[in-house]
Each structure stands twice: as structure tokens, then as C-alpha cells.
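Taken straight from TrEMBL:
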- B:19-247: domain 'Phosphagen kinase C-terminal' (DOMAIN)
- B:22-26, B:His84, B:Arg118, B:169-173, B:200-205: ATP binding site (BINDING)
- B:31-58: coiled coil (COILED)
Amino acid sequence: MLCQNCQEHDAKVHVSKIINGEKEDIYLCEECAHISEGLDFGLDFSFNNLLTGLLNNQFHPHHKINLSNHKIKCEFCGLSYDIFSKSGRLGCNECYNSFTDKIDKVLRRIHGNNRHTGKVPKRAGERVMVKRRVKELRKLMDEAVATEEFERAAELRDEIKELKDEIGE
Amino acid sequence: MIDELISQWMKKTGPDSDVVISSRIRLARNLENIKFTNQASEDELKEVINNVNNLLLNDNKFGLNLLELSNLSQNKKNMLVERHLISPDLSERNINNAVALSSEETISLMINEEDHLRLQVLLPGLQLQEAWDLADKIDDYLEQGINIAFDEKYGYLTACPTNVGTGLRSSIMVHLPALTMVNRVKNFIAAISQLGLAVRGLYGEGTETVGNLYQISNQVTLGRSEDEIIENLIEVTHQIITQERNAREILLKEKEMFLKDQIYRAYGTLKYAYKISVEEAMKLISNVRLGIDLGIIEDVESTILNQLMVIIRPATLQVLKGEEMTIEDRHIYRAQLIRERLQ
Ligand SMILES: [Zn+2]
Ligand SMILES: [Zn+2]
């Protein structure tokens, strides 16, 4: 069983707490238990608290907060990682790209997995594939331009246009 | 539609309804390239509503009616919460949110909640598979007219990473009076959390459990298919049903007098009380429903009890009365409603 606070180390310490007259059992690693000693831990294991805890990593002694990480911003919606790690809410679909390293790690912790295996929507699914192809072609086109293969670049440009028309962009 | 006392579907019973009150599927979806509701501008939020509205105007296959929440009184919004048609969060925000409801109120599409779209299908009894099949169809229909944010790796993109992937929250509401009486609920809650399921109160996370009603739902939404998630919950539900039925049988065999005493006292109080709080009423209704399910009380239908569980709640009560009431007046009116329906 993993420590309920940091979700990183094996839980070795069992703490019982009476919260609102109800006994709660909490399992912590030695480090986290040590920190909690003598403090009013005020443990609130609500979903959101667990989540923002994972995003912050700030309670764990093994983790130094990497401040530069917290300055990353999503270019599309302007949300900073700092705000995200406090609210636990992303600002737009692009945020998943903007914070990809962090999010990937957190998703594995929450879901034990980082890859969707369920339903693929028909239209959006197709669009995702086409967009990926467009991205690849763009890269090739840039390369072609850089190496002055203009004929090849024009071909690629047409192909990109065709694909974009297909998905209505 | 919402002027009726209760949702049409609540007048019906479903499979295994002695233990399972309702089955619910919720899908979280967002529109592509529009900021999620927490970051979106007023115009962007309007755009989301317009997109859904246009879709419904063009082709309303599922007969959904759009209600702008800013046009409703706070009491009416709270009433929708009491019927599980919108979330408490949505009822508190004031502008640019809406809900689209089907006439039976089995389908509800919340607009501009935490995610742009939260589709919900709610059916009586254990009908999780049926609810999913319907939700899946509505989802396909929405996706034809609206660009949904989807990522090849992460699946459906949601505002909170706990919903990403399938965006699916499947839940059942169970009535566990016998397991509660024999103090087994804590055990089973602990066991269930080991299986990636969560137990919550009547109105979602952080809300209290009343009337021995518990909501059980999946936690994991990424890395498992919709079918796996639903199968897992159905499997666990079958076990809960068996456990609760066993506990009822044992109580009936070993503690018949205790049980009958509890049930008839509850029935008597509900039939004759002139003042009653929600908490007390919910407790007593739970006992009477147990009496009906065990065949001890034969002159009341269990659907009446399900309906009572909704209409005695504060907002619905006040909408019904057509005026704001003091707590004292509510207690009196609540008792009156219950007496009338149990005669
Ligand atoms: Zn730890
Ligand atoms: Zn963003």
C-alpha cells in the first residue's frame, strides 16, 4: 500500500485520527508521518485535496519544488501551472499539451494508467488522425523549404490543404 | 415538465429495485478549442450554449428541452438538484449555464458545469447497461453536430484530470437499511474502495448519507474501457444486493419482532405525525420501504416512497406550496404531504 499523503513510498505507519467523532485510519510513509507529528494534520482526503497534493508535491521532503515548472503557462488559455496545481482544474484542451510531463505522471497516479482505451468518437477520432498527419506533413514541408526543394514543398502544401479541407478547417 | 412534482421515471420501478433505487451514467465532454468553463469568457460560454441550441433546433432526436438556468428561481434550481438533474455547483452559478432535459427526465444535459457538457442518463433500478447504451447513443448524436475535444492518447479531455479518458462516471444508488442495522456498511465501504469504487452521499462528494441511501461509483476513468468500468460496477452491485438481501433475511428470521417493531413504528409515525424534519422523515421512509420490500407492509407501493424521498426535500416542498416557508411551516407541510400520500 502506498502512503496516502505522497502516494510515492510504501506506507509503514498507521495513524488513527478521530475526525468529527469518526475514527479514520490513515496510512503514511515514515517521512510523511514524521512531518505530521505534533501538527494538526487536518487531513482532508477529499478528492480535490488529494489531487492538488499530487500536483504540488509540496508536502514531501524528497521533493524540492521546482519553481521553474510552476512558471509554465498554457499558450492557448494562459493558465499557469501554479494556478493549475492549486485548483486542480485545467483551462482548455491545449493544457494537456502544455503541461504534458506533469500531467502524465499525475494521471498514472490517479488512474494507474496514462492511455485511453475506451470509446473513440467517430468524427473527432478521424480528425485527430488527420491532424497528426498534417503536423507531420508540415514538418516535412518546412524541411523541404529549408533545403530549397520548392517543388516538393508545393506538393506537400497541396496535400496539407486537401487534408484540412477534409476536416473542414 | 419541471413543474410536475417528480420526474416521470420515478413512477416506475426497475430490476432489483428492492435494493437499487437508480442507475446513472454521466459523461463529461468539452468543445474543442473553446476554453473550459473556468477559463472561458462570457462570450465563449454563450457560444457553448448556442452550439447545443443549434443542434437541438436542427434535429432533436432525443426530445430535449433547453432551460436557461438564469430564468429559474433559486427554489426551482434547488428542486432540480433534489431530483439529481443538475449538480449543486450548477445551481449556484448564475449566468450562461443551462440544462437540456427529456420529458421523462431520464436524460439531462448540463451545459457549462465544470465541463462544457455533462450528459446524464438516469434509470430506475439496476439498469446500468441500459443507461450506458442510451448515453452512448446520445453522445454519438451530440458528436455529429459539435466538435468534441478528444486526444488520441488521453481520450476525452476534461477540466479535471480525474475525469479524463472515458469521461465516464457510472453510479448506482442503493438502499441498505439491513446492512446499516447490522453495522456492516463501514466494512463494505472499505472493501469497495479497494476495487477503485467510491461511496458517496446522496448528492455527490462530500454530502451526507441520509435514509440509508448510498451512491457507489467508479473512480478510474482512464485506461479502462467503458464496458469494463460498467461491468465492474454491475458485478459489485450484484454482490451488494446479495449481501443486503441476506442481511434482511437474517434479521427477519432472528429478529423478527425487533424488525416489525421498527417498521411499524416508522409507518405509524409517518401516517400520523403533524410535524416532521427531513432527517427524521428520511429515516422513517427508509424503514417503511424495507417493510414493503420484505412484504411486511402490503398496502403501500414502494414507488410512493421513492417519490416521497424527493418531494419532502426543502426546495421541492416550497415549489410545491408555491411560496417560501419557514422551517417550522415546512415541517408541518411535509408531515401533511406524507399523511396524504400514505392514506
Ligand atoms: Zn509519504
Ligand atoms: Zn490551456
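Just so it is clear, glycine is given a Cβ too, placed from its N, Cα and C backbone atoms.
Remember, it's a predicted structure, so these values are computed and weren't measured experimentally.
What TrEMBL annotates, mapped onto the structure for a quick look.
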| residue | record | Cβ neighbours (10 Å) |
| --- | --- | --- |
| B:Ser22 | ATP binding site | 25 |
| B:Ile25 | ATP binding site | 28 |
| B:Arg118 | ATP binding site | 24 |
| B:Ser171 | ATP binding site | 23 |
| B:Arg200 | ATP binding site | 18 |
Spatial neighbours of the coiled coil (B:31-58) far in sequence, C-beta under 8 Å, 6+ residues away: 64, 66, 68, 95-98, 100, 109, 111-117, 142, 145-150, 159
Secondary-structure category, per DSSP, in which B:Ile25 (ATP binding site) falls: strand
